[in-house]
Structure formats: structure tokens, C-alpha cells
Amino acid sequence: MPSKENRHAHEVESEFTNLPILARERLWGAFDFTSVMTGLGIATWAFIVGASTALYVGAEAGIASTVIGNLVSCGLVVLAACIPTAKYGVEQATLFRSVFGVNGARVVFLIAVTLVWLGWNCVLGLMFSRSAVNIVNAIFFTGIGRNSLVVTLLGIVGFLIAWFVVVKGPVSIKWFNRIVAPGLAVVTILLLVFVLAQRPWSEIAAAPALEPFGDRTVNYTLGIELGLATGFGWWGVIGNLSRLASNQRVAFYGSMVGLFLFAVPAYVAGLLSALALGDADPTAWMVPVAGPVLGVIALLFVAFANVTSVTSTVYTTCLALRLTGGRLFHRMAWVTVTGLFLLAPAIAAFFPAFVFNSIANLLAWSAIAFAPLVGIHLVDFYVLRRRVLNVRACYDESPGSGYSFWKGWNPAATVGLGVGALVYILLLNPSSFAHADVFQFVSASIPALLVGGAVHFILTKLIVQPAGKGDYGALERPGS
Amino acid sequence: MASTDGGASAGDQDPRGEEAFERELERRLGTIESPEYRDPAREDLPLSEMVVFTILSAVVVVLVHLWGY
């Protein structure tokens, strides 16, 4: 039995590495886990996504499409990412070897997750600095521009704060979220109250979308598609947080409450504010809507909300990087990995206008990968493996490992991902939003998810299982 | 900064880190595979609960669609 000191060292250590979490090390009960997920869900990106929806649909269709898209995608992504990681206490990149193989999981995480969250951290840093600039402008009656050098410098300050917090680990992230998450919920409610108090509902409901396409159904489906993309975008990040949840029920409902129930009002607040004020920049709404005092307080919470989201995403992505990035990242100090990860967003802070104008593209491009990945993950865990994994095989990188497949690659999942992504692109161009006729009835993410999962299932039955690869016949065993 | 919180992981700038990591991993896997090991998180969500959640979600989707579209 390890001494108390050693036991403490192991407990801390496991939070920073891909070591499996033991029962006594699960940090987060229902309240804390829900707070963390709420802090993740309610960030300025929620307001930005709402404002993006306002480009295509008005208030009522926007609310409906936001609820539908996020409910469907959050339910699916939480089942795919949170339940397996919570069950086994293993972080997602490691557990995902059971689906893609050792090398496949590494490539998927390095490309999809790291790049997408790098992109979102650029946006969050920009929102932090623009909030700060708006605070300064409101208090000192200055006229600092949205894309000025001050915005860049304040963005870098935001990343330094986030770096300090994330280096302290999940305990500090938990306390940070305990303070900021409730404050953000208040900001969201206040934003909704003030917008609705200043403009009658009938006026907001009648406000036209900002840049709609010509067809009403296409616009509505685009709204749903943005909601789907938002939800599926959680795939790479939430699994590493839910592995610290005390049980699967906490992981599932805590995630749904944080990422859907509390986040959707923030999306709606963004949607209605953008429609009412005709401005897609959330940091520009607070002072005009709530006045200088409450507006500045709201901006303070919005600024810190971005830092909470940066800390959560950097923690979880860097944890994955340490595993998937090979020996270089594995041996690197935690402070160095997180610092390097934040370096790219810090550089991007020098190009605020470019970052802000690329948000919609970032959302659409991320769905190309995440929608089929969620489908493949669901089929593999729930249908093919009946919710039973071999934890030891997840850590075994030898050629004889149950999850080595062929030289560390599972062709079934890889082809499924490729075909799913192709289906998405054929239905919706993520850069121009040009779309096939059938898109308005089926969206792009849902077909990509279904096709990706179906291809994975069929190829697994035809090729992988007959070849005896992938340990698909595993029975419930100790450690499973 | 990391070291003040004990945040340095196995492998942090330590030439013996990888060996220590493997040892700790093996210890943990041994614990997990022990017949005496109990973790409440291993208990699966009941299928009935997932079905109820799915049905409720479907109802919400239909109602919201009818209202908003």
C-alpha cells in the first residue's frame, strides 16, 4: 500500500497524464462537473454561434433550429465521448485506440482536435481582448478600435492568465469555474432580459435574418446545421473532463445540463441580440444593451468566461497531445506543452480581423470531421463492443495488442471517416455554404454521421472481425 | 510552476520518467483488474433510462419544430 504522500503524488500525477483514473481519484461530483461543463458551454463562443445563426434565420426559426441542432448533437456526442471515458477513467485519445488503432487515434487527435481547438482558442482570446477594450472604452471614454494593437496585447494577457490556471491543473480549473459559471448564467439572463425589455418580442420576432439565402427551408436547415456542428464540436474535448466524473450518470446529465440546457439560452441570447442590434460581435452588445455600469460588469464576466473555456480546452487538448504527439510531447513538462499550445493563438492575436471573419468557416470545417467521428465512435462502443472495452489493450502499443489492428490502423474506421467527410462536403460546402438540393431536408452532419458509422460497421463485420483484429469478441473481464 | 502543485507528471524532464510512468501504469492496471476493485462509474446507464431520454428528446424536437418553423 503506498504511503499517504506517495498516494497523493499518484493522484495528482494521473490528472496530468493519460494514466487511468482510479475510483478514489474521481474529482468531480454532480455540482462540480456540471459547473465545469457549464463553464465550457457558456463562453463568448455561445454568443458568437447565436449571432452566426442570426445570419440565416429570424428569432423563432433561430430558437427552434438552435434547440433542435444542439439537443440532437449534444445527446449523441455525450453518449459517444463522455460515457466510455467516465466508465473507464481513461482519457479519450487513449480510449479511442479501440476504434482507430494506436496510430489512427494519434493522427485523428493531432489533426482534428488540436487544430480545431487551436482555432477556437484564437477566437476566445480575441473575445477576451475585445471585451477588455470595450470595458476601457466605456470607463475612460476612449475609442480603441476592435482590431487595434491593444486588442492584440490584451489577448496575449488573457492567454497568460489561462496558462497560469491550466498549469495548476483540474483543481484550479474547478474553482475557476465555480466562480465564473454562475456569473455567466446571470449575464446570459440579463442580456435576454435587457434585449427583450428594450425591444418588444413582436419587433424582434419580425426582425429579418442578417444575410439569409433565398429559400426559407435552406435557411432553417442551415440554422440546424450550425447547432449540430456546435454540439459535435465538443467531441474532442469533453471526454477528458468526464473521465474525472464520479459516475456515468453525473457525466451524462452534467454534460447535457452544461452543454445544452445552460448553453442554449446563451446561444439564444446571442441570436436575439444580433437580430436586435444588427451587430455580430458579442462584446459590442453589453454596454448599449445594459448601460455603462451593468454593461461593464457583464463584459468582465464575458472576458473571464473566455479564460475558463481556454483553460478547460487547453487542459484536455494538451493531455491528448502528450499521448498522441509521441515521445517529444510525452517527455515535455506540462508547463511547456501548455505554453507551446497557447503560442499559436497568441500569434493569431496579431490578426484579430482575420480570426473574427473565420469563425463560421471554423464551425463548418470542424463538423466535417466530428460528425462522422461521433457516428463511428457510437457504433463501435455501443453496437460492436456492447459497452465493454479492454483497458490494458488501450495502453498496449505492441503489434500483438488487441487494438493494434493493422500496424496501428483500423481501416474500417479510417474509411468510415473518409466517406463520412466526403458525404458532408457533397451536401454542404463549408467555405461558401453552397449546398446540394437534398441538404435542406437532411442537413449535412446527420448523413455524415450515419454514413460514417454504417461504413465502419459494415467493414468491421466484413474485414476486421473475420481477421480476428480489434478484440471485438472481448467478454466482460476484470478491468473491462 | 508545475512543480509547486505537484503537477509535473511522470516523464517531466526526467530521464527515468518513462520507466516510472510504465511502473505506475502497471500498478494502476493491476488495481483495476483486481477482482476486489470496485468503481461506481463502471455501472452502465440503464437502457430504459436512455430510451426515455431519447423519447423525451424526440418530443422536444417535434414540438420546437412545429413552433419555430
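The count begins at 1 with the first shown residue.
Even glycines carry a Cβ here, placed using N, Cα and C.
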**Message:** Checking feature assignment: transmembrane segment per TrEMBL, candidates A:292-312, A:439-459. Which range matches?
**Reply:** A:439-459
**Contact between the transmembrane segment (A:217-238) and the transmembrane segment (A:405-427) (3 or more Cβ pairs under 8 Å, separation 6+)** = no
**Prompt:** For the transmembrane segment (A:439-459), which stretch among A:33-57, A:148-167, A:179-197, A:250-276, A:362-384 has the most Cβ pairs under 8 A?
**Reply:** A:362-384
**Asked** Any chance the transmembrane segment (A:179-197) and the transmembrane segment (A:333-356) have 3 or more Cβ pairs under 8 A, given the pairs are 6 or more apart in sequence?
**Response** no
**Item:** Stretch contact, the transmembrane segment (A:148-167) with the transmembrane segment (A:63-86), Cβ-Cβ under 8 Å, 3+ pairs
**Value:** no
**Message:** At a C-beta cut-off of under 8 Å, are there same-chain residues at least 6 beyond the transmembrane segment (A:250-276) that contact it? List them, or none.
**Reply:** 28-30, 33-42, 46-51, 53-54, 58-59, 62-63, 66-67, 70-71, 74-75, 78-79, 82-83, 85-86, 184-185, 188-189, 191-192, 195-196, 198-199, 203-204, 207, 209-210, 227, 230-231, 234, 238, 242, 282, 285, 289
